[in-house]
Amino acid sequence: MSNIDNDDDGLAVYRLALATQAPENSALKQEKRSELRSRFLNVLEYLKTNKNISPIELDFYRESSLTATHCLSIDSNFSQILVEDLQTKIGCMSTALIQEQTIATAAALKEKTPFVYIDSCLIQLINDDDDEQYEGCSCATENTCINCSCANRFGINYDSNHCLNMNKTGPIFECNSECNCSFDTCQNRVSQKDDQSKNVKIISTSNKGYGVITEKPILHPGTYIGEYVGEVLSESEAHRRILLTKNFEHNYLLLYNEHSSQAITKTFIDARYYGNWTRFINHSCNPNLHIVPIRSDQPTPPRLVFFTLREIQANEELSYSYGTTVDEKFSKPCHCSSSSCTGFMPYQTTD
Ligand SMILES: C[S@@+](CC[C@H](N)C(=O)[O-])C[C@H]1O[C@@H](n2cnc3c(N)ncnc32)[C@H](O)[C@@H]1O
């Protein structure tokens, strides 16, 4: 799908600075990461051995901080949801615990696009180098952190409307689990707070498959929309999957390139099998969203986060540019219908 490049010279410099500081309190973080990794393997194992479960009305994976659950079915009133705790046993829980929008969306889409619903990326491959924990700020708990040591490493991140500072260049570091500030008052955690999932609707388009519209106007440029989540892949696995994808199929593999003076950091996220509502956002040659890499705890992988580029009207479709590599031989026709449409969608490579 997408090859997105970002010119960003500050990241490598910051990495070098951090390399000289021993991460102090990262044991807990590492424990969390290995728990996530083993949970991910559990889900894969589960799906492999239970493929013949029938009827599966709804199939998605919910992750909470303690248990991994696999949703097997949902009753017709959306009031009870049958889940299986992967580590223990099957049980019922009220759908009130799960965001209504998520269920309606997943239920409507189960036939055509089965995927497992997740809230954060599944990180299968973790290099030891990536376990480095960023230092936190030492703000007072009531501090808003608009200009704290995390927010201001490369210029202030967000304005007083909680929108991305449009003049900002360089990487974005949000406050993290080592920070002293409080989650509620801190204003440097915009992408860690509520996304727009309650204000959007998945629609069926005439020629692009499903798409996403906003039900409410979004006024300010730089408004946080949501995070592209899925499986974080190695380059070789991404390459393998690209070769397997047929040209007529929808493609959910996103490649984000960040350029620094020393290297290109490539992030591959595939939302084909695991994802959230943002996997339904289509390409446009005149997009209203863009993707910004955001870091808080660790250098890699960055979280790939959508922000608005301009004011968006109610019922307007959300879109971003999948990249710039267009070739009539390889690209699919583009149906974005913008006046600047090139006629072809960017095509996928791992470069
Ligand atoms: C990430 S998915 C987007 C959601 C997808 N429409 C669906 O129904 O699940 C990307 C795929 O959607 C389709 N698509 C997205 N934008 C398009 C566009 N502007 N014109 C034609 N097809 C598009 C292509 O098949 C592409 O591979």
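Positions of Cβ are set from backbone N, Cα and C atoms, glycine also.
Feature annotation from TrEMBL assigns domain 'Pre-SET' to 135-194. Feature annotation from TrEMBL assigns domain 'SET' to 198-323. Residues annotated as domain 'Post-SET' in TrEMBL: 330-346.
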Taking a Cβ cut-off under 8 Å, which residues six or more beyond the ends of the domain 'Post-SET' (330-346) line up next to it in the same chain?
1-3, 205, 207-208, 247, 282-286, 319, 321-324
Per DSSP, what is the residue tally for the domain 'SET' (198-323) in helix, strand and coil?
16 helix, 54 strand, 56 coil
Helix, strand and coil residues within the domain 'Pre-SET' (135-194) as assigned by DSSP:
3 helix, 6 strand, 51 coil
Mean per-residue pLDDT computed across the domain 'Post-SET' (330-346):
91
